[in-house]
Amino acid sequence: MVRVAIIAMGGTIAMTPTAAGGVVPELNADDLIAAVPGLAELDLEITARTLRSLPSPSIGFADLVDLAAAVRAELDAGAVGVVVTHGTDTIEETALFLDLTVPGDAPVVLTGAMRAPASAGADGPANLYAAVRVAIAPQARGLGALVVMSDEVHGARFVRKTHTSSTAAFVSAQFGPLGFMVEGEPRFRPTPRVPLTLPATPAVARLRVGLVTIALGDDGELLRRAYPACDGLVLGGLGAGHVPATMVDLVSEVAAEMPVVLASRTGSGSVLRNTYAYPGSERDLLRRGLIHAGFLDPAKARVLLQLLLAAGTDRDGISAAFALYG
Ligand SMILES: NC(=O)C[C@H](N)C(=O)O
């Protein structure tokens with residue numbers, strides 16, 4: 001009989017009401033499994049482990065290093081796939097982290113819930129059921145880490161939370177979902193995985209990669225104060241990867257000291273390379289040594305840069321890794 005391992009990290013899917021109001025993550029992995037109709041009828045063994053009980057805004061890189069090790073241990077011990085239950089606020093970053101650090105073809109499927117278990121129409125059980133079905137699907141092998149929410153299967157590279165409360169919050173705006181649940185089973189479209197695996201060592205949690213989102217009228221003061229505390233930086237640039245002309249000298253200065261990755265704050269589409277020629281444009285910034293983020297959004301670019309720096313990757317290696325993302 002095949003085995004699926006479920007690893008719980010917390011999040012709304014595991015939250016229960018407190019006497020003082022509001023919800024907090026208290027349910028363990030066994031509780032989550034017990035709430036899913038139809039799971040017990042599937043012809044498979046399910047094992048459960050509660051690794052963390054955290055709201056996902058409080059998940060950090062040290063937690064992700066432990067999670068990657070736990071996922072690998074389950075796969076090494078023979079699990080056909082692993083499901084990770086996780087808060088939705090940062091699930092997209094954890095998904096990319098696992099995509100980059102868990103080698104092999106076995107499905108690693110993340111899921112969560114927008115509504116807590118005690119709410120009317122709680123979505124956690126349906127999401128967990130779908131995630132388990134994806135974890136055992138042969139077609140899910142080799143797709144990298146996946147996020148399953150609301151009957152859609154998303155690739156780690158592209159998925160984003162795009163709504164604060166809707167159960168349809170998760171979107172792969174750039175190229176659409178990789179698959180859909182149809183009559184309880186996942187159906188996929190073919191999509192190649194990015195061929196990159198990086199180590200998830202404790203060094204990852206000791207680094208600080210800053211993420212600075214650029215806004216209208218930005219005078220650079222925030223960046224000036226933030227960068228000395230950082231080992232690397234991601235800029236969430238305006239539009240196709242731009243900053244105000246007044247920031248250009250500062251950005252050049254920072255890029256001479258550490259890797260600075262240029263992403264877009266728009267949330268979808270690739271940073272351009274060769275269109276705009278004004279000071280602070282993508283052409284200008286790339287010429288000054290900034291690294292092109294490809295199709296990765298700023299939060300995902302930060303995860304990749306953090307892992308690359310922890311692995312001791314030099315500037316050319318960092319550029320080459322980001323080039324894999326378009
Ligand atoms: N829906 C959720 O899971 C949101 C929650 N704040 C979390 O990320 O833990």
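From the backbone N, Cα and C atoms, a Cβ is placed for every residue, glycine too.
Nobody curates TrEMBL annotations by hand; they come from automatic prediction.
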Among S56, S58, S119, which residue does TrEMBL name as a further substrate binder in the site formed by T88, D89?
S56
What Cα-Cα separation, expressed in whole Å, is found between D89 (substrate binding site) and T12 (active site, O-isoaspartyl threonine intermediate)?
10
Mind checking how the domain 'Asparaginase/glutaminase C-terminal' (208-322) divides into helix, strand and coil residues in DSSP?
49 helix, 20 strand, 46 coil
Number of other Cβ atoms within 10 Å of the Cβ of T88 (active site) across all protein chains:
23
Neighbours of S56, T88, D89 excl. site residues, C-beta within 8 Å of centre, substrate:
G11, T12, P55, P57, H86, G87, T90, I91, G112, K161
